[in-house]
Each structure stands twice: as C-alpha cells, then as structure tokens.
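So that you can see what the record holds, here are the features copied from Swiss-Prot:
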- 4-24: transmembrane segment (TRANSMEM)
- 54-76: transmembrane segment (TRANSMEM)
- 80-99: transmembrane segment (TRANSMEM)
- 107-127: transmembrane segment (TRANSMEM)
- 143-163: transmembrane segment (TRANSMEM)
- 168-188: transmembrane segment (TRANSMEM)
C-alpha cells in the first residue's frame with residue numbers, strides 16, 4: 001500500500017475534524033453552537049443562530065476542506081478509489097470529530113466539496129435539489145433525495161453526465177450516502193425521542209434529520225432550554 005495513501009488517511013480525517021462552525025461561533029459570538037438551534041455543528045445552524053455572514057464562511061470552509069483534500073490526494077498521485085476513500089474520511093472527520101468528542105455536524109457541505117471533485121454535474125444537480133426543497137423549508141428531505149440520487153446518476157447515466165470511471169465513482173457516492181444516513185440515525189437522543197414510535201423515529205431521523213415532524217419546535221428546543229437554564 002502506498003505510503004502517501006497511509007499518510008493521507010489520517011490527514012483526511014483530521015482536516016475534516018476541524019470544527020469551524022464551533023470555532024467561529026465561539027470566537028465571534030461567544031456561544032457554543034451545540035447548545036443553540038438544532039445543535040448541529042454546521043453551516044446551517046450557524047446561519048440560524050449566529051448570522052448569515054458567519055454561516056457562509058463556515059459553508060465555504062467546509063466545502064473547501066472536502067474538495068481540497070481529494071484534489072491534494074489526486075495531485076499526490078493516488079488512484080481514484082484512494083482519493084475517494086480519503087474524501088469519505090474527511091466527511092467522517094467532520095461528522096465525528098475527535099476535537100468535539102466525536103459529536104460533529106452532518107457533513108453535507110463537506111460532502112458537496114468531495115462530490116464536486118468526483119463528478120461535478122451530478123453534484124450540482126444534487127445541490128440544486130437540496131436548495132429547491134430548502135426554499136420551501138424542506139432542506140433535510142431535499143438533501144436526502146439529492147445525495148441519494150448521486151449513485152443513480154453516476155451508475156446509470158454516467159455517459160450523459162460525463163462521469164469518468166463511473167463504477168468507482170458510484171461506489172464512492174454510495175459510501176457518501178451511507179455516511180449521511182448513519183450520521184442521521186446516530187444522532188443523540190433528545191427529550192422528544194421517546195414521544196414517537198421507533199419506526200417513526202427512524203423515518204424522521206433518516207428523512208427529516210430530526211426526531212419529530214415539527215421543524216419549528218425542533219430547531220428552537222436548545223435555545224429555549226438554554227434561556228430557561230439562564231433564567232431568561
């Protein structure tokens with residue numbers, strides 16, 4: 001096995017584990033992003049709780065770390081499957097960062113960065129799908145459908161979308177989709193977890209990325225609890 005590949009494996013994870021959402025929110029707003037909004041350590045929660053400018057900065061950073069690490073792997077001469085493994089480990093690092101006791105974000109922006117390098121056109125279609133749903137405040141289902149469509153696009157329509165080495169890319173996209181599902185399902189239990197059946201909880205987490213159907217109740221729960229604890 002290539003020594004470069006062996007070095008890039010932990011490097012990919014550690015780069016992914018840099019929690020920019022947490023760091024910027026602490027530095028510029030003095031808050032622990034994990035205790036506000038959805039509790040997610042990612043750009044979307046920063047936008048809701050710390051402002052659009054900070055959220056955009058986090059988004060750009062998270063996309064960039066996914067794209068740059070896989071581009072670096074290619075520049076160092078690694079094969080495509082090795083580049084993809086490094087990219088997936090970067091996403092895993094974002095989702096389960098050692099610096100935050102393995103409780104990170106959802107890895108969507110980092111996944112976008114990786115996907116854009118693997119196959120730009122399908123990645124942009126997935127992004128467009130998520131943004132379209134997001135316009136109607138249905139971002140989580142849009143992300144699920146967009147990411148889920150990636151292996152379909154690269155596997156069955158690779159010629160139309162110009163996907164090179166489509167079998168390898170398809171396996172990579174399948175891995176990316178699996179990481180997203182696992183991260184959603186492994187979310188810590190909330191005070192609402194026991195209020196729904198196991199089947200509904202699995203569906204809600206996998207498709208809606210939350211424990212309950214109500215989006216407004218879910219994204220405001222941490223902020224309300226924090227204010228109550230402060231006596232506000």
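A Cβ is built for glycine as well, from the same backbone N, Cα and C atoms used for every other residue.
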What stretch, picked from 54-76, 107-127, 143-163, 168-188, has the most CB pairs under 8 A with the transmembrane segment (4-24)?
54-76
Going along the chain, which residues at least six beyond the ends of the transmembrane segment (80-99) come within the CB cut-off of under 8 Å?
2, 5, 8-9, 11-19, 41, 62, 65-66, 69-70, 73-74, 105-107, 110-111, 114, 117-118, 165, 168-169, 171-172, 175-176, 179, 183
